[in-house]
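A.B. asks: Structure below; questions to follow.
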C-alpha cells in the first residue's frame, strides 16, 4: 500500500491498474462528466473489518477502511473543510457509530502507536472521563529547522498558553490531531448518559448505499448541520468556534502534550510567503469570531471561566495587533528623523517605566523560550516572524474582516496553502535562508517597513550623534529602531545582496525605497 500511495503521489493521478481494483475509483471518469467540483456521492468499503479475511500479512485484524467522496454540485455550497468533516461524521455513523472520532489533516500522519490508547485513558477515566468532549494534541511538524526559521512550531504557545487553556478545561480545538467524543461533536449537551457504538448487521452494499444519501448535497437542507450539529459553517477557522461551542454546551476538553515523541506530525510551511498567507487566513477567521455572536466574552459569558474567555481572545485579536505594531514600526523612525521624541529622556525618572516594561518583557520572553526548548537564535527568529506577521498578514486580515462586516466586500474562499516546493527552495529552507522570491504586496509592505527603520536609524545617528543631549533625548527611539533593523537583516540581505531565486525582486527594492523616502519627506512637511 505504501508503494502504491508513493507512486500515485509522484504521478499525481491514480494508475489504471489501481482504478480497476476499486469501484470507488472507477466512478471518477471524465467520460461521465465527473469532475472534482461536480460529481455524485462515492462510497466504497475498501476493507470490511467484519470479514474473516480482513487480516494483514501477520494475521492481525484490520479495521474497516472506507473511501468517501461527498457529492458536490455547482449550485450547492460545499462549506470547505467543515462540510467535509460533517459528511464524514454522518457516513461513519452509518458504518460503525464509534464513540470516538480522530480528526487529522491530509498532510499529517501518526507518529506514536500509543496515541489512541492515551486518548482513551482520558475518555475512560472513572471520575471525569464522561465530561471530556475532545483530547487535543499540539500541531507539530517533522520538517521544522533547528532554529525554526518561520516560527512554525511556537514552543511557548504549545507548552504555556495552550496548556494553560487546558487547565480551564477549555483546550482549543485546532482542527487536527484531535480525538472527539461523537455525541459532543454532534451537538449534544453534556449528559451523564453514555451511548456507545454498535456493530451494523447490514451488508457492505447496503452500508454504502445508505452512506451515499448521508453525504449528498441536499441532505443538510432544512437541518441543523453546520449550526447546532457538527462543525460550524461560515468561518475560515471552523475548528476553534466549534470547540468553543462544545465547551459552552457543558463539556470539558483536554490539551495533551506527551513528554515522549509527538503523537502526530505534519508538513510545516517552508517559505515565508506560504507562512504569511496561512497566518492571514487564520487571523482573519479568528477576528471574524470575535466580531460575531460567538465572541467568547458574550457567547461564553457564564458558560466558560473568565480565564478561558480571555485565553480565546488572545488568539481572536491577532489581527487587532497589526496597527499598534505599525505605529511603533513607522512613527518611531520617522519621528527620530525629525527630532520628535516619543518617549522621556534617558535622564528623566519617567524613562524608567518605559525601559522596565520593554526590558522585562524581552527578558521574560527569552527566559521562557529557553525553558521551553528554544535556542537563542530560534527565539530571535520567532520575534522576527511575529513582527513580519503583524506588519503584513494581520493588516490584511483586519482590513478584510472589517470590510466584510460592513458589507464592502464578499467573503473570500478557503485559501489552501501549498506545501510542495522545488529542490532549491528546500535546500535554502534547510540552510535557514529566508525565502522571498515574489513581488507580492505583502513583501512590498515588509520591505518598506524595513527601509523606513533603516532610514530612521542611519539618519537619526547622523543627525543626533553629534548634538549634545541628542542621544539622551532620543535614546529609546534609537534602541527601538536598532532592534527592528536587527530583526530585518534577512530582508536587507534579500533586497541588496542576494541573487538567487529566493531574493526580493528589483521592483520590490525600488518600490520600498521610494515609499520609505516619500514617507520621510511627508513627515518633514
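Quick reminder: no glycine exception, Cβ is built from N, Cα and C everywhere.
According to TrEMBL, the region 'Disordered' annotation covers 1-22. What TrEMBL lists as Mn(2+) binding site is 81, 105. Residues or ranges marked as transmembrane segment in TrEMBL: 315-337, 349-367, 443-466, 478-496.
Walk me through where these features lie, including what they touch and how far apart they are.
C.D. replies: In three-state terms derived from DSSP, residue 81 (Mn(2+) binding site) belongs to a helical segment. Just so you know, the Cβ of residue 81 (Mn(2+) binding site) picks up 20 other Cβ atoms within 10 Å once every protein chain is counted.
Note on the transmembrane segment (315-337): residues 172, 240, 279, 282-284, 286-287, 289-290, 295-296, 387, 389-391, 394-395, 397-398, 401, 449, 452-453, 455-457, 459-460, 463-464, 474, 477-478, 480-481, 484, 519-520, 523-524 of its chain, located 6 or more positions outside it, place their CB under 8 angstroms from a CB of the stretch.
Packing against the transmembrane segment (478-496) from elsewhere in the chain are residues 328-329, 332-333, 336, 380, 383-384, 387, 433-434, 436, 446-447, 449-450, 453-454, 456-457, 460-461, 471, 502-504, 508-509, 512: each is 6 or more residues past its ends and has a CB under 8 Å from a CB in it.
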A.B. asks: Using a Cβ cut-off under 8 Å, which residues of the same chain at least 6 positions beyond either end of the transmembrane segment (443-466) come close to it?
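C.D. replies: Tertiary neighbours of the transmembrane segment (443-466) are 273, 326, 329-330, 332-334, 336-337, 339, 388, 391-392, 395, 436, 473-474, 477-478, 481-482, 484-485, 488, 491-492, 495, 504, 508-509, 511-513, 515-517, 519-520.
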A.B. asks: Specify the count of other C-beta atoms within 10 Å of the C-beta of residue 105 (Mn(2+) binding site).
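C.D. replies: That number is 15.
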